[in-house]
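A.B. asks: Pasting in a structure now, in structure tokens, and then I'll have a few things to ask.
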Amino acid sequence: MKQIQVDLANRSYPIHIGPNLFEDQELFAPVVSGKKVLVVSNETIAPLYLDKISATLSARAAQVASVILPDGEQYKTLDYLNEIFDALLEGNFARDCVLVALGGGVIGDMTGFAAACYQRGVDFIQIPTTLLSQVDSSVGGKTAVNHPLGKNMIGAFYQPKLVVIDINCLKTLPAREFAAGMAEVIKYGIIRDSELFTWLEQNVSALKALDQDAIIHVIARCCEIKAEVVSEDETEQGVRALLNLGHTFGHAIEAEMGYGNWLHGEAVAAGMVLAAQTSVTLGLIDKSILCRIAALIQAFDLPVQAPESMDFNSFIKHMRRDKKVLGGQLRLVLPLGIGAAEVSSQASDAELAEVIRRP
């Protein structure tokens with residue numbers, strides 16, 4: 001088992017990574033002992049892992065209950081958030097309760113936001129079950145729900161007390177979901193770690209085969225990078241914004257196509273290629289860098305082009321609502337090479353239109 005610490009002074013917490021962690025009562029004991037616990041999961045994950053996790057938690061917790069939500073980005077809304085609050089209130093959960101997110105990024109975001117809001121803040125644990133949530137969304141305290149006019153527009157920064165990543169979950173993860181998670185892995189290589197990027201190029205087959213050593217290595221490295229960035233810039237005033245590479249374009253794709261039709265990682269993959277194309281257009285990188293990025297994304301069966309139905313106007317209406325917009329200026333995360341990126345506002349509408357039109 002690997003352990004990584006997210007260093008945030010009195011709000012620091014550990015990330016545990018390895019196989020067979022769902023049975024490890026000692027991992028959960030410091031957070032749940034003697035507490036009432038509500039496990040939040042979805043209709044896909046609950047039949048696979050809810051009983052196992054509930055049994056482990058019950059060994060130390062005073063009581064364990066659960067609420068099961070529908071599975072999908074389209075259910076990441078205030079209406080379904082209220083189902084968590086209903087379960088907490090109807091069950092008379094007090095301020096010393098613990099919420100547990102058992103699922104992917106949607107469940108993690110919603111559970112974390114519920115924990116941030118319920119009685120002005122209760123403890124929660126992240127148990128991410130998808131590759132995307134294991135390498136990205138479960139770490140760092142971003143919590144939110146979507147609004148019809150924009151993704152993650154209603155949320156809070158609120159850190160978990162513990163993250164437990166059991167890699168055995170990946171054995172039940174559909175191939176499309178695994179690929180979507182690899183988009184976020186590739187992102188880390190582009191923005192911060194050229195050695196990771198090269199390692200990914202050399203280990204595509206091992207990762208697709210779920211080789212245990214390869215999987216643990218890549219999850220741990222991504223969590224290390226995320227922990228470093230979050231420790232330096234928790235509320236995204238500076239370097240943390242780089243973690244949004246591909247996300248401004250990607251969120252526009254998700255919103256325009258309807259949440260759930262394109263997976264988040266698929267949209268981010270296409271968005272990273274668009275960001276790299278923008279860097280080429282602005283003279284920030286050579287086209288060979290764009291080709292490496294696109295080739296690695298394609299190697300994991302991810303899209304490298306935006307939907308044909310989307311033109312400049314359908315992108316820009318969503319991009320203008322991006323959380324990185326400052327003073328009315330659109331700001332994009334753009335690669336400066338493999339292992340480096342910057343937040344830039346230098347791309348004009350004409351240049352973006354050229355990038356979006358490009359086949």
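Heads up, the Cβ atoms here are built off N, Cα and C, so glycines get one too.
Source: prediction; values computed, not measured.
The following feature annotations were taken from Swiss-Prot:
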BINDING   71-76, 105-109, 129-130, LYS142, LYS151, 169-172  NAD(+) binding site
BINDING   GLU184, HIS247, HIS264  Zn(2+) binding site
A.B. asks: Look at the binding-site residues ASP71, GLU184 and tell me which residue has the greatest number of other C-beta atoms within 10 angstroms of its C-beta.
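C.D. replies: That would be GLU184, with the highest Cβ count within 10 Å.
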A.B. asks: List the Cα distance (Å, whole number) between GLN74 (NAD(+) binding site) and GLU184 (Zn(2+) binding site).
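C.D. replies: If we compare the Cα positions of GLN74 (NAD(+) binding site) and GLU184 (Zn(2+) binding site), the gap is 20 Å.
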A.B. asks: In the structure shown, which of the binding-site residues GLY105, GLY108 has the fewest Cβ neighbours within 10 Å?
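C.D. replies: It is GLY105 that, of the binding-site residues GLY105, GLY108, has the fewest other Cβ atoms within 10 Å.
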A.B. asks: Counting every protein chain present, what is the number of Cβ atoms, excluding its own, within 10 Å of the Cβ of HIS247 (Zn(2+) binding site)?
C.D. replies: 26
A.B. asks: Compute the mean position of the Cβ atoms of GLU184, HIS247, HIS264, which form the recorded Zn(2+) site, and then list in sequence order the other residues of that chain whose Cβ is within 8 Å of it.
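C.D. replies: Neighbours found: LEU132, ASP136, SER137, ALA183, LYS187, GLY246, GLY250, GLY265, ALA267, VAL268, GLY271.
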A.B. asks: Take the C-alpha atoms of HIS264 (Zn(2+) binding site) and GLY108 (NAD(+) binding site) and report the distance between them in angstrom, rounded.
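C.D. replies: About 14 Å separate the Cα atoms of these two residues.
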A.B. asks: Can you tell me the CA-to-CA distance separating HIS247 (Zn(2+) binding site) and GLY105 (NAD(+) binding site), as a whole number of Å?
C.D. replies: 15
A.B. asks: Compile a sequence-ordered list of residues in the same chain as THR130 (NAD(+) binding site), six or more apart from it, whose Cβ lies below 8 A from its Cβ; state 'none' when nothing qualifies.
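C.D. replies: Same-chain residues close to THR130 (NAD(+) binding site) (Cβ under 8 Å, separated by 6 or more) are GLY103, GLY104, GLY105, CYS169, LEU173, GLU177, ALA180, GLY181.
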A.B. asks: Which one is closest to GLU184 (Zn(2+) binding site) in space, judged by CA to CA distance, out of the binding-site residues ASP71, GLY108, THR172?
C.D. replies: GLY108
